[in-house]
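Annotated in TrEMBL:
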DOMAIN    194-493  domain 'NADH:quinone oxidoreductase/Mrp antiporter transmembrane'
TRANSMEM  16-36  transmembrane segment
TRANSMEM  48-67  transmembrane segment
TRANSMEM  87-105  transmembrane segment
TRANSMEM  170-190  transmembrane segment
TRANSMEM  229-250  transmembrane segment
TRANSMEM  278-302  transmembrane segment
TRANSMEM  314-335  transmembrane segment
TRANSMEM  347-366  transmembrane segment
TRANSMEM  373-395  transmembrane segment
TRANSMEM  401-421  transmembrane segment
TRANSMEM  442-467  transmembrane segment
TRANSMEM  524-548  transmembrane segment
């Protein structure tokens, strides 16, 4: 394929329907922002986003049934491929994406106080309206208003009178819903791309909304804006490197189609075989762009700062759905476009995998902030998943699919649970000392966080144990015992900082009970997604075979 030529007759709208629904609802949500009244916009956007994602899940179910009968197929002249990995990844993205969008609507965990009069930098005093609107759109006179995790006015200077006025009047940043839908749609497309040009477009569609969402935290706005700027600048560089690699792939093979690239490199294409050196360079540059998105060392240095600074619902989305989509793209490139370069690239991929596990694990040990510790933990889990991904075999694909699905659910639950623990100022209490004794004061919160942490540590009867065992077993059968040994050692070290939090929650005493953080009572918008995440983490640890079989069935790429 030397040029992308779309034949309307070849577009399979039915198999594209899950993605089309998400993008269509996102467009409608943008129109809602333009035409719906401020008083009703929050309820409309939350309902629209939730219904749209559920409708996409239903459509995906019909596509899966069609796939079981008719098999895999090109859905758009080879630009989009609907095969087993695509459907598995899309289902996982929709599940955790729905949970992330739902907790974005939570308005019981935070409150905003705005004075009736504020002073500008010039010394002038501005009277602020004595009424605001609550989450139902009703006028209230109390200055203590319910609030979500997002700033009421992202364009204002943090702490300025304009921001106070926006908070006082009850403005809600409902733009987060169309942004989240666009990001989720891009994630669904990213793992389904059949050529590098479409993959680059999907990469930008999923990334650009996340850059904005990271900057919209209500609390610690400067930290949030710093996180967004870092993510944007480094993301722009990685996208450029990916595109540079795509140009080298085209120069080496005369095609951007992943299957054609693979055939040309192996010498099976109906033309001149690819230049081996240029093909290796193309693979290296493309891998850099994809490894940045999954967060592997040394390309994942942005993750701790971004995860810590972003609003927790956005962090939950990035730690779960974004990683699932990124691994989908990485697996497709390695197994469809460059499988014949396995011997040439093995050492480099192994070095990245080992460095990711080792460096992230030791960095996590030194952290005193739980949110930042979980961010480094997510990087170490990227290394564990890469153990399966760099094993160029069907077993490697299936176990990696299972790993990213199991981790996504647990990571979503852990980051969502962080949002319910608040200090006396109303900020999230993410410091290690703030969680001391929390398990005894609030046993349910402590038990759920312990479950997620034990899953990350790979303790039996949790999904994390099954996931690690599966990828290590696949790597061992492929002869990658070095990766297995390093992975087991890093897992043992990682257990220390997970269990340290559990010990602090249940067995340590609070130094000053008056300064102990509060556990807010969330609405069903937060409690149900967290409970479902905990249940899935436990069920996959006890009865994992159904998902292992599903991942194995879905592990064959269409070439």
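The backbone N, Cα and C atoms fix where each Cβ goes, and this holds for glycine too.
Where the annotation comes from TrEMBL, it is an automatic prediction and has not been curated.
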Residues from the same chain, set at least six apart from the ends of the transmembrane segment (373-395), whose C-beta lies under 8 A from its own:
294-297, 300, 303-304, 306-308, 319, 323, 327, 330-331, 334-335, 339, 342, 346, 349-350, 352-361, 363-364, 367, 403-404, 407, 411, 414-415, 418, 432, 456, 467-468, 470-472, 474-475, 477-478, 480, 483-484, 487, 490-491, 494, 497-498, 501, 552, 555-556
Long-range neighbours of the transmembrane segment (229-250), counting only residues six or more past its ends (CB under 8 A):
196-197, 200, 203-204, 207, 210-211, 214-215, 256, 261, 278-279, 281-290, 292-293, 299, 301-302, 305-306, 337
Taking a Cβ cut-off under 8 Å, which residues six or more beyond the ends of the transmembrane segment (347-366) line up next to it in the same chain?
284, 287, 291, 296-298, 300, 304, 373, 376-377, 379-380, 382-384, 386-387, 390, 480, 482-483, 486-487, 490, 493-494, 496-497
Report the listed stretch (16-36, 48-67, 401-421, 442-467, 524-548) having the maximum count of Cβ pairs within less than 8 Å of the transmembrane segment (87-105).
48-67
Six or more residues out from either end of the transmembrane segment (401-421), which same-chain residues have a Cβ under 8 Å from its Cβ atoms?
85, 88-89, 92, 95-96, 99-100, 103, 106, 109, 149, 307, 312-313, 315-317, 319-321, 323-324, 327, 331, 370-371, 374, 378, 381, 384-385, 388, 428-430, 434-435, 438, 445, 448-449, 452-453, 455-456, 462-464, 466-468, 470-471, 517-520, 522, 526, 529-530, 533-534, 536-537, 540, 544, 547-548, 551, 554-555
Near the transmembrane segment (524-548), which same-chain residues lie under 8 Å Cβ to Cβ, leaving out any that are not at least 6 residues past its ends?
99, 102-103, 105-106, 108-109, 398, 402, 405-406, 409-410, 412-413, 416-417, 419-420, 448, 451-452, 455, 460-466, 470
Can you name the far-off residues of the same chain, 6+ from the ends of the transmembrane segment (442-467), with a Cβ under 8 Å from a Cβ of it?
377, 381, 384, 399, 402-403, 406-407, 409-411, 413-414, 417, 420-421, 491, 494-495, 498-499, 501-502, 505-506, 519, 530-531, 533-534, 536-542, 544, 548
